[in-house]
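> Below you will find the structure I want to go over with you.
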Amino acid sequence: MHTQATPLLTGRGLVKRYGQQYALAGVDIDIHAGEVLAIVGPSGSGKTSLLHVLAGILRTDEGQITLGGQRIDQLNETRRSELRRTEFGFVFQSGMLVAELTAEENVALPLLLGGRDRTTALGAAREWIGRLGLQGKEHRRPGELSGGEAQRVAIARAIAHRPKVIFADEPTGALDTRTGHDTVQALVESARTTNTAVIIVTHDRELAASLPRTVAIRDGRIEQAVPTA
Amino acid sequence: MNPVQLALRVLRADRRTRVATLLTAVGVAVATALVLLLASLPMAAEARAERALWQQPQYELSTGGGATISWSSSTDEIDGELITRVDVAPLVDPADVTLPPGIERLPGPGEMLQSPDLATLARERPPAELADRFGAEPVGLLGDDALRFPEQLVVLVGHSRDTMPDSAMELSSFGFGDAEPDELLSLLAGVGVVVLLVPSLVLVASASRLIAARRERRLAALRLAGATPAQVTAMVAAETGLAAVAGAVLGVAASPLLHRLAAFVPWAGGTWFAGDFVLPVWLVVPIALVVVVLVVGAAVAGLRRVVNTPLMATGTGYARKPLSWWRLLLVPAAVAVFFWTLTQASRQDGTMLPMLVALGVLMWSPSLVGPWITSALGGVFVRRWRRPAALLAGRRLRDDPKAAYRASAGVVLAAFAGSMALTLMPSLEAESGYYSQFREEVLYLTTSEDRAAAIVADADEALAGYGLDVRAARVDHADITSGQELHMAVVATCAEAKRLLPGTEGLTCRDAPAIYASQPLDLAKAGVHDPSTGSTVPLPADAPVAPMPAAADVVVVDPVLWPSGAPAQGVSVAVPATEKSREIVRTALLGASGGEQVISKEMMLGQQDTQLADLRRVTVIGLVTASLLAGVSAAISTAGSVMDRRRTFGALMAAGTPVRTLARALRAEAALPALVATLGAGALGTAVAVGLFGLVSQSAPVFSPWIAAPVVLGALVALLAAAVCAPALRRVRAEPLVDE
Ligand SMILES: Nc1ncnc2c1ncn2[C@@H]1O[C@H](COP(=O)(O)OP(=O)(O)OP(=O)(O)O)[C@@H](O)[C@H]1O
Ligand SMILES: [Mg+2]
């Protein structure tokens with residue numbers, strides 16, 4: 001149904017080179033608002049590169065990226081940072097939380113750095129921690145949480161500022177299958193409530209299969225686009 | 001593969017390890033060179049003092065009999081520069097007089113040997129200003145071995161026995177042997193070792209922090225793979241040892257250069273011969289070894305955690321490090337011990353070692369108290385934060401106050417030592433009064449009753465010959481008793497008193513000879529005190545008594561009214577001098593007296609100023625060096641703490657946090673403990689100095705705005721260190737997000 005609408009985020013002819021080697025060799029991709037997309041592929045196929053290019057962490061060597069119809073690939077680093085801070089959210093393989101901060105402070109940090117005041121930021125943080133099932137653990141430090149719990153904190157942090165797209169690079173990589181699936185489920189459900197699109201890079205074919213749409217990538221090219229479910 | 005090979009392999013592979021190793025080597029080199037210099041200071045001072053022994057009285061040479069020379073020494077000055085003058089007359093065949101090194105022959109009567117710089121000066125200035133003072137012909141130069149320092153102004157004037165000054169004594173030979181050590185310089189060198197070595201070692205420690213996280217992971221992996229603790233320790237020892245040995249060798253190699261530089265720093269009136277600083281090999285080698293052992297020991301000690309709990313180090317295991325309040329007790333305890341040793345030291349002139357040890361403990365105490373304060377401050381931030389910078393800084397300070405404080409340890413030492421020195425100095429300066437019965441500009445010498453008239457006549461003739469209008473006056477002083485009171489009396493005409501004595505500007509002279517006193521004087525009871533018999537010689541009861549301004553605390557008696565047979569306690573010949581006429585008046589007085597000591601209040605104060613200037617110079621050099629080392633190590637450890645958390649920061653930046661925002665937060669974290677610590681150390685240093693000063697003096701210490709200088713310097717260092725945050729973060733951002 002949403003295939004008819006204008007895509008939220010598009011990539012056209014994306015190329016990323018490292019010296020002689022092509023990490024991305026011409027990728028076209030569309031992501032719609034609120035859509036959940038899995039990117040799969042063997043190691044070294046260019047999954048992380050694609051994610052980073054789309055999110056503006058890396059610059060493309062060729063091709064165009066648009067967000068809501070606007071070109072974003074040519075923005076300078078300051079503008080791209082701002083975009084990442086306001087429109088995007090990120091979940092990495094192992095939380096990458098600030099070890100000294102409590103769970104709720106970690107979630108509040110991006111809001112605080114974005115200029116929100118203490119009360120608002122902590123309020124939003126507590127709300128999301130609650131929604132992700134971590135009530136009572138607001139004051140724990142990352143070192144005092146299990147891997148799955150830490151990932152939920154990371155998800156809360158990625159979504160608390162209500163971004164348009166969440167990028168997740170192997171968010172389950174450090175978790176066992178069961179916990180991994182639960183975590184992704186939590187992410188997907190949270191995103192649905194805010195109409196946030198989610199792009200998940202994963203090695204886990206089974207996990208990918210449980211998501212609405214999967215894109216397979218090999219040697220820096222889209223191999224197939226399989227709309228599932 | 002042995003540990004050294006493994007270490008070399010790691011060095012080849014890892015750029016950051018190479019940087020850290022290089023920094024370690026540089027830190028060790030600086031430490032080694034500094035310690036070598038400081039260790040050579042007491043010896044250098046002794047070497048120069050030994051060369052100057054012939055210029056100083058050695059009283060034990062005067063008692064034994066078998067005198068070979070009549071000898072006298074005095075100090076003189078030109079343009080505020082000290083001239084040392086030695087007068088000598090042989091009492092035996094001049095060939096039988098043993099000569100000190102650097103003196104080729106004994107100058108005969110009317111001949112003199114000058115130091116090269118004095119000879120040049122004497123040639124350049126009009127004779128009236130300098131050359132005529134010595135009353136002798138230059139016949140040669142003194143060699144380097146006879147000079148305290150290269151540019152010393154010193155003259156050896158030959159006499160026959162009967163032309164020697166009154167103060168001459170008969171000696172069995174010129175002074176020789178072992179010189180007294182320069183206590184002040186030894187003390188400074190001791191303090192310097194502590195003040196400079198600690199920041200150097202902190203620098204080394206900070207360098208190893210740059211790679212701490214990475215190394216811990218590597219070692220933990222090795223431990224998990226089955227390496228024994230001994231093997232792991234050997235590997236780290238090899239890694240650090242390579243850097244330390246290289247650094248020590250570099251330090252030893254660079255130390256002659258540092259000695260060259262140090263030779264230019266004036267101390268006690270002059271610079272040094274480069275050869276003064278030579279250290280014997282038997283001292284160089286152990287010093288270098290000790291530095292290496294200290295560094296390697298510190299590295300191995302830092303390993304305990306990894307060696308004991310290999311698994312902990314791999315995870316993100318989080319352990320809060322609580323600090324107990326008893327740390328706070330350490331400072332008062334250390335201060336108490338320090339003062340105790342200090343009173344001991346001043347009571348029995350024992351060794352300085354216990355005091356130095358206590359000072360070391362005192363300087364170490366902030367490193368225990370600092371973290372507690374840092375942690376407490378962190379607590380306040382965690383509770384009160386409004387902005388993320390305060391939150392991040394607060395959490396980090398609270399969680400690992402030791403690590404946060406470590407960065408500022410060097411700054412603390414510099415601030416401590418600096419504020420201590422700068423508090424003491426103005427206080428000592430205020431102390432350095434010198435009593436003289438004459439006005440500041442008056443030049444005078446003391447002589448005997450017999451010679452006074454001749455000296456006055458000769459001096460007046462010389463003054464007239466040089467075209468000056470001033471004339472010399474004989475001034476005697478004595479004590480006058482009046483009932484229970486004792487007054488100082490000066491025998492002079494009213495006109496002379498007005499020219500020569502302080503506080504007499506408002507004095508109105510009578511036409512007839514009179515006695516002038518600021519307090520009522522009952523002549524019936526008053527008399528001149530004779531200290532040799534204890535009796536008094538009465539003053540003429542009918543003499544007129546006139547008022548003296550209260551500012552002049554002295555009774556002036558006209559020579560006409562002085563009772564005959566009343567003893568003088570001192571006879572002076574005095575001439576008022578102006579800025580312009582000073583050198584010529586000196587020449588006239590010295591020429592007339594043949595080498596008596598000519599004194600003025602400015603000259604005495606000037607010599608004390610020299611010592612204070614020495615101290616201030618050395619303090620500033622030490623402070624700047626320590627701050628430099630501290631700044632570098634603070635910067636390195638800031639960079640290290642950013643690198644430790646690169647994954648977290650990398651992720652935050654990827655998620656759109658600008659470097660600027662993050663850097664602002666980290667700067668607060670880097671600068672705050674240093675700021676707090678410097679203020680604390682400055683206060684402590686000032687307190688210790690006030691205490692020290694209280695031991696040697698009764699008066700209240702003087703505070704100059706300079707005591708703020710170390711704190712300002714320390715704060716500046718902290719801020720500079722904080723400035724590393726942004727570049728370090730940019731480096732982190734430039735690296736791939738996940739690379740380890
Ligand atoms: N910073 C870099 N410098 C050089 N080559 C790189 C860099 N980052 C990635 N590459 C190369 O680009 C290609 C794609 O890498 P990318 O990280 O996108 O793969 P990936 O699909 O995420 O692999 P994985 O599943 O192992 O994470 C790989 O061949 C990799 O070697
Ligand atoms: Mg990847």
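Just so you know, glycine gets a Cβ as well, placed from its N, Cα and C.
Where the annotation comes from TrEMBL, it is an automatic prediction and has not been curated.
I grabbed these lines from TrEMBL:
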DOMAIN    B:193-310  domain 'ABC3 transporter permease C-terminal'
DOMAIN    B:623-735  domain 'ABC3 transporter permease C-terminal'
TRANSMEM  B:184-211  transmembrane segment
TRANSMEM  B:232-257  transmembrane segment
TRANSMEM  B:277-303  transmembrane segment
TRANSMEM  B:324-343  transmembrane segment
TRANSMEM  B:355-382  transmembrane segment
TRANSMEM  B:403-425  transmembrane segment
TRANSMEM  B:620-643  transmembrane segment
TRANSMEM  B:670-695  transmembrane segment
TRANSMEM  B:707-729  transmembrane segment
> Looking only at the domain 'ABC3 transporter permease C-terminal' (B:193-310), what are its DSSP counts of helix, strand and coil residues?
96 helix, 2 strand, 20 coil
> Other than its close neighbours in sequence, what residues sit by the transmembrane segment (B:670-695), given a CB gap under 8 Å and a spacing of at least six beyond its ends?
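Counting only partners 6 or more residues beyond its ends, the transmembrane segment (B:670-695) has Cβ contacts under 8 Å with 331, 335, 338-339, 342-343, 346, 362, 366, 369-370, 373-374, 377, 393, 397, 401, 404-405, 407-409, 411-413, 415-421, 423-424, 427-428, 634, 638, 641, 701, 703, 707-708, 710-711, 714-715, 717-719, 721-722, 724-725.
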> Please spell out the DSSP helix, strand and coil residue counts for the domain 'ABC3 transporter permease C-terminal' (B:623-735).
97 helix, 0 strand, 16 coil
> Taking contact to mean three or more C-beta pairs under 8 angstroms, with sequence separation of 6 or more, is the transmembrane segment (B:620-643) in contact with the transmembrane segment (B:355-382)?
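Contact between the transmembrane segment (B:620-643) and the transmembrane segment (B:355-382): absent.
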> Please indicate, using numbers and ranges, the residues of the same chain that are 6 or more beyond the transmembrane segment (B:707-729) and have a C-beta under 8 Å from a C-beta there.
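Distant Cβ neighbours of the transmembrane segment (B:707-729) are 407-408, 411-412, 414-419, 422-423, 623-624, 627, 630-631, 634-635, 637-639, 642-643, 649, 653, 659-660, 662-663, 666-668, 670-671, 674-675, 677-679, 681-682, 685-686.
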> Between 0 and 100, where does the mean pLDDT of the domain 'ABC3 transporter permease C-terminal' (B:623-735) sit?
78
